[in-house]
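Participant: Pasting a structure here, questions to come.
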Amino acid sequence: MEVKDILKTVDHTLLATTATWPEIQTILDDAMAYETASACIPASYVKKAAEYVSGKLAICTVIGFPNGYSTTAAKVFECEDAIQNGADEIDMVINLTDVKNGDFDTVEEEIRQIKAKCQDHILKVIVETCQLTKEELIELCGVVTRSGADFIKTSTGFSTAGATFEDVEVMAKYVGEGVKIKAAGGISSLEDAETFIALGASRLGTSRIIKIVKNEAIKTDSY
């Protein structure tokens, strides 16, 4: 697989709590230069970033991030605000307390409400696979499919682990037609990126692939 084809799947990501505007600018510049799928950045930078790229790059942001246990009303507001500010794509975190209580109907209803606000904007649903049993992940594949979301996403990158090959294999087997897969967190090599794509992921959330391409790969515990 050619590097340019891998880059087309990448949501070039910077979600560090201390991210500065010059750092965000670098993410945006690199994403445009290497023609990634989007740049994924904190919501507080969306308006400025959208103005900066002026339609040359899709802007992705996160809501309910990273813990997911804010109320549905709060997430709906975050979604509306992000889109109003110029976000093209929304990555939302589900409420894992609902999952652990077995209340999958509430999870599905929340996703439906947010998808309704997204309208034609892309919605990706972060399920935080490292916190799930295999049975819970399988159930959530059905929930995300029924909710009308565009993607199911493995991880925030802020929990105990990121994407694994095994989890993406499960998603590819159980998610419904029309729902795509985003692998995120800990993707640190072109080889891993290519494997995730081969297993069924059509998006990759990472900050490292461009660094590798630029021969600037560094070892880090961040997203």
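Cβ coordinates are placed from backbone N, Cα and C, and glycine is handled just like the others.
Okay, so Swiss-Prot annotates it like this:
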- ASP91: active site, proton donor/acceptor (ACT_SITE)
- LYS153: active site, schiff-base intermediate with acetaldehyde (ACT_SITE)
- LYS182: active site, proton donor/acceptor (ACT_SITE)
Participant: With an 8 Å cut-off on Cβ-Cβ distance and a minimum sequence separation of at least 6, pull the same-chain contacts of LYS153 (active site, schiff-base intermediate with acetaldehyde), or say none.
Facilitator: ASP91, LYS124, VAL125, ILE126, VAL127, ILE181, LYS182, ALA183, ALA184, ARG203, GLY205
Participant: Measure from the Cβ of LYS182 (active site, proton donor/acceptor) and count the other Cβ atoms within 10 Å, all protein chains considered.
Facilitator: 28
Participant: Including all protein chains displayed, how many Cβ atoms other than that of ASP91 (active site, proton donor/acceptor) lie within 10 Å of its Cβ?
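Facilitator: I count 28 other Cβ atoms within 10 Å of it.
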